[in-house]
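K.L.:
What TrEMBL lists as active site, proton acceptor is Tyr43. TrEMBL lists His122 with the feature active site, proton donor. Annotated substrate binding site per TrEMBL: Asn93, His99, Asp106, Ile123, Ser124, Arg133, in sequence order. Look at TrEMBL and you will find Arg38 tagged as site 'Transition state stabilizer'.
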Amino acid sequence: MSELGSASSTGSVGSAASVGSLTVLVLNGPNLGRLGSREPDVYGSQDLVALTKQLGEAAPDGVSIEVRQTDDEGELIGWLHGAVDARTPVILNPAAFTHYSYGLRDAAAMVTKAGLPLIEVHISNPHARESFRHNSVISAVATGVIAGFGFDSYRLALDQIIRTIG
Ligand code: DQA
């Protein structure tokens with residue numbers, strides 16, 4: 001497991017809303033640990049440490065962001081089980097698992113069926129890429145999908161979770 005770290009806001013940026021105490025899990029699938037050097041023309045040149053910092057700065061008071069990445073399908077599924085048990089909202093970039101992992105889909109469905117938000121995000125716009133990327137087996141069980149805005153896809157998802165829960 002790679003836990004990129006957590007960030008909690010102490011306040012200034014985007015702190016119009018205070019939501020008490022909330023942790024948002026930001027889960028990333030295979031090859032996203034290579035962001036920064038992996039296909040920068042598609043994914044940009046920033047890594048997950050930079051993402052963690054940006055989300056921490058965007059989070060309002062009382063919101064902690066926990067960013068994790070794994071190349072292991074079972075580990076990612078286990079994190080979703082943990083989100084259900086701890087009642088934690090999830091931002092999920094399933095990476096290539098998006099396109100074929102029914103195991104991940106079933107775990108994602110457990111999150112949303114538990115009444116928790118799970119927002120599927122993508123850095124790129126998969127629909128503008130190879131045809132195998134056009135299908136997501138996750139989207140139908142996600143609360144919503146945000147794709148194509150670089151790291152802002154995650155920030156928009158965070159904003160939406162705060163709006164919904166806050
Ligand atoms: C991705 C898109 C997927 O098709 C790809 O396999 C990834 C990253 C994205 O964030 O744009 O690894 O999820």
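A Cβ is built for glycine as well, from the same backbone N, Cα and C atoms used for every other residue.
Help me picture these features in the structure, burial and contacts included.
P.N.:
A 10 Å cutoff on Cβ-Cβ distances gives Tyr43 (active site, proton acceptor) a total of 20 other Cβ atoms nearby, all chains included. DSSP gives Tyr43 (active site, proton acceptor) a helix state.
Here the Cβ of His122 (active site, proton donor) has 23 other Cβ atoms within 10 Å, regardless of which shown protein chain they belong to.
Every protein chain shown contributes to the tally, and the Cβ of Asn93 (substrate binding site) ends up with 24 other Cβ atoms within 10 Å.
DSSP assigns Arg38 (site 'Transition state stabilizer') to coil in the three-state reduction, placing it in neither a helix nor a strand. There are 14 other Cβ atoms within 10 Å of the Cβ belonging to Arg38 (site 'Transition state stabilizer').
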K.L.:
Tell me the Cα distance separating Tyr43 (active site, proton acceptor) from Arg133 (substrate binding site), rounded to the nearest angstrom.
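P.N.:
Here the two Cα atoms lie 15 Å apart.
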K.L.:
Could you state the whole-number distance in Å separating the C-alpha atoms of Asn93 (substrate binding site) and Arg38 (site 'Transition state stabilizer')?
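P.N.:
Between the Cα atoms of Asn93 (substrate binding site) and Arg38 (site 'Transition state stabilizer'), the distance comes to 15 Å.
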K.L.:
Compute all pairwise C-alpha distances among Asn93, His99, Asp106, Ile123, Ser124, Arg133, the residues listed as binding substrate, and give the largest one in whole angstrom.
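P.N.:
Result: 24 Å between the two most distant Cα atoms.
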K.L.:
Can you tell me which of the recorded positions Arg38, Tyr43, His99, Asp106 is spatially closest to His122 (active site, proton donor)? Compare CA atoms only.
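P.N.:
Among Arg38, Tyr43, His99, Asp106, Tyr43.
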K.L.:
Where Arg38 (site 'Transition state stabilizer') and His99 (substrate binding site) are concerned, what is their Cα separation in Å, rounded?
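P.N.:
Distance between the two Cα atoms comes out at 19 Å.
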K.L.:
Using Cα coordinates, what distance in whole Å links Ser124 (substrate binding site) and Tyr43 (active site, proton acceptor)?
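P.N.:
Cα to Cα, Ser124 (substrate binding site) and Tyr43 (active site, proton acceptor) are separated by 6 Å.
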